[in-house]
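Annotation comment: Swiss-Prot describes 4-24, 37-57, 74-94, 101-121, 134-154, 174-194, 201-221, 223-243 as transmembrane segment, evidence class sequence analysis.
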Amino acid sequence: MKEFFLGIIQGLTEFLPVSSSGHLALFSKIISFPSDLALFAFFHIATFFAVFILLFNDIWNILYGLVRSDKNMWNLALKIIISSIPAGIVGLFFESKVEAAFSSQKLIGVFFLVTAAALWLSDKYSGNKTLNDITYLDALIVGLFQAIAVLPGISRSGFTLIGALLIGMTRVDAFKYSFLLSLPITLAAGLLELKNVDLTTATLSGFAGAFISGLVALILVRFVTISAHLKYFSIYLLIPAIVSFFMK
């Protein structure tokens with residue numbers, strides 16, 4: 001039952017710009033469930049499939065374009081790879097430091113506030129760049145925002161959306177790029193930890209919960225991104241931030 005509950009939390013908070021890692025660390029402590037990074041990473045595979053379904057047409061266009069040697073699609077695929085590199089480097093070389101951050105609930109509270117402040121400002125920015133218009137430097141900048149989000153309490157979706165909006169992307173394409181960018185890192189994280197997860201009925205129920213709630217969250221975040229209402233999530237984030245400061 002606890003695994004299913006945590007799967008629901010993972011699916012919702014993975015895509016809503018409120019930090020899934022921070023919420024999982026917080027709720028694990030509240031329900032006295034050991035912080036299991038392998039299990040949380042396994043749930044990433046479920047959220048991978050949620051993105052795959054919602055953005056299937058875009059993913060198909062990229063894959064079909066690669067087969068047909070479409071220059072725009074090859075460039076876009078390369079930009080996604082470039083954006084994925086910074087977070088990959090942080091994950092490989094600073095894993096122990098990131099894991100240590102999960103043990104400090106007050107530090108997680110600070111990171112919640114950082115995400116809240118960034119989201120409050122994000123609705124002021126957007127531009128006219130489409131997926132095909134962004135440069136390799138733009139892709140690297142968004143990737144740096146994603147790398148920061150390996151810290152618990154910093155939202156990956158929130159920070160990549162902010163990065164995409166700051167480089168001047170349209171809100172629709174900022175949403176698409178943010179979640180296309182999530183595919184390599186979420187799948188890799190899930191597969192790397194799969195060997196450390198016991199595939200019991202409980203863990204599979206958590207997987208199902210993450211998938212279903214992930215789809216719901218994706219639809220919601222697409223709406224709030226396009227309508228420039230991300231700031232409302234910054235108000236919500238004050239709650240887990242305050243709770244984190246009072247947790248022992």
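Just so you know, glycine gets a Cβ as well, placed from its N, Cα and C.
With a cut-off of 8 Å on Cβ pairs spaced 6 or more residues apart, the transmembrane segment (74-94) and the transmembrane segment (174-194) reach 3 or more such pairs and are scored as touching. Residues 14-15, 37-39, 41-45, 47-48, 51-52, 54-55, 58-59, 62, 80-81, 83-84, 87-88, 91, 126, 131, 134, 142-143, 146, 156-157, 160-161, 164-165, 218, 221-222, 225-226 of the same chain lie 6+ residues outside the transmembrane segment (174-194) yet bring a C-beta within less than 8 angstroms of a C-beta in it.
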